[in-house]
């Protein structure tokens, strides 16, 4: 029997806002995809093109996520592991083996290995990194459209100087991760009031 190998990667552990997004992808060995690489090392235009190619040609793709509330409750590491579990369990075709980018695998029953810099080494992890990044970036663009004053389209929720200044000025929205230090600080300075309240 052919091994069905799923690649798993996450995006969005560092941002102050939004879900942590993971993707699991099983590529079709009969349909190799040229140009797969770590999503951080390719242009947005190429990422979007590869996203469509992966969605059309992969044997199975699933996005798993953990919400800001789950991140606050569990911590970012455990929330990321939960999101990865959701991504793999949601695959329409279940894998015989799972490769996870990073240095640890979730606690699950799948045969698996963690691969540091796996998004540069294995096509299935590269594909997962592209699916996760494009998905999360699109969500940040939607949040930007709803709240352009925060500049989410530029910083994608990461704690840049410009973002921290806007957070201090405007306060956190309900989509922020309240357990993250800069968000806690902003909330304290506002007497616990979210933006718009």
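Heads up, the Cβ atoms here are built off N, Cα and C, so glycines get one too.
Swiss-Prot lists 3-192 with the feature domain 'RNase H type-2'. As annotated by Swiss-Prot, divalent metal cation binding site applies to 9, 10, 101, with the evidence given as sequence analysis.
Neighbouring residues of the recorded divalent metal cation site, listed in sequence order and excluding 9, 10, 101, comprise 8, 11, 22, 23, 84, 100, 102, 118, 119, 125, 128, 129, 132 (Cβ within 8 Å of the Cβ centroid). Counting every protein chain shown, 30 other Cβ atoms lie within 10 Å of the Cβ of residue 9 (divalent metal cation binding site). Sequence-distant contacts of residue 10 (divalent metal cation binding site), defined as residues of its own chain at least six apart whose C-beta falls under 8 angstroms from its C-beta, comprise 20, 21, 22, 80, 83, 84, 101, 102, 132.
In the predicted model, the domain 'RNase H type-2' (3-192) has a mean pLDDT of 96. The number of other CB atoms found within 10 A of the CB of residue 101 (divalent metal cation binding site), across every protein chain shown, is 25.
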